[in-house]
Amino acid sequence: MDSASQDINLNSPNKGVLSDFMTDVPVDPGVVHRTPAVEGLTEVEEEELRAELAKVEEEIVTLRQVLAAKERHCGELKRRLGLSTLGELKQNLSRSWHDVQGSTAYVKTSEKLGEWNEKVTQSDLYKKTQETLSQAGQKTSAALSTMGSAISRKLGDMSSYSIRHSISMPVMRNSATFKSFEDRVGTIKSKVVGGRENGSDTLPSSPGSGDQTLPDHAPF
């Protein structure tokens, strides 16, 4: 058996013999990271594009650092001015809403909604519904007006009755019947009062009683 094809068993006493015949092969670092050239580009164009890409990435890193510094400076200025986070949030929301209103999607949606609204308002169904609601509103207004007139008329009748009743009371008091009744009541009252003043507890005798007297003692 040739020595190059030695047993590679780990338990073999001849292990590692092949390592004596292996030598280090130098590798170009540029070959490791280099990818195959893009189709349609020469090596010179590829190198130029890679150089430009590295430059742009470096500029992006620089701009991020500048932006972070500017944001810190802006936050410090707001803190010194006493601007709250809520006010900043409102400004951001307002700015975002303004951006949304100016966006193409929002404009197209608004135009589409306007077209739909115009179509709906011009449709026969919408017009019939609007006419029906208008007629119902007119009937309701007329019914309320009639009810209000009836209530006002009823209140007017009650007021007129109260006024007539108030006016009729003095007229009734000045009538002959009312005066005759008052005279009779006054006569009876004066007789009762006069009898009590004379020490007599008996009521005045009625006409036609004569000289009849009551017995001294009751027959008990």
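Each residue, glycine too, has its Cβ placed from N, Cα and C.
The following features are taken from Swiss-Prot:
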type     : residues : note
MOD_RES  : Met1     : N-acetylmethionine
REGION   : 1-26     : region 'Disordered'
COMPBIAS : 1-14     : compositional bias 'Polar residues'
MOD_RES  : Ser3     : phosphoserine
MOD_RES  : Ser19    : phosphoserine
COILED   : 40-82    : coiled coil
MOD_RES  : Ser96    : phosphoserine
MOD_RES  : Ser149   : phosphoserine
MOD_RES  : Ser168   : phosphoserine
MOD_RES  : Ser175   : phosphoserine
MOD_RES  : Thr177   : phosphothreonine
MOD_RES  : Ser180   : phosphoserine
MOD_RES  : Thr187   : phosphothreonine
REGION   : 189-220  : region 'Disordered'
COMPBIAS : 200-212  : compositional bias 'Polar residues'
MOD_RES  : Ser206   : phosphoserine
MOD_RES  : Ser209   : phosphoserine
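Considering only the modified residues Ser96, Ser149, Thr187, Ser175 (phosphoserine) has Thr187 as its nearest partner by CA-CA distance. A C-beta separation below 8 Å, combined with a sequence spacing of at least six in one chain, links Thr187 (phosphothreonine) to none of the other residues.
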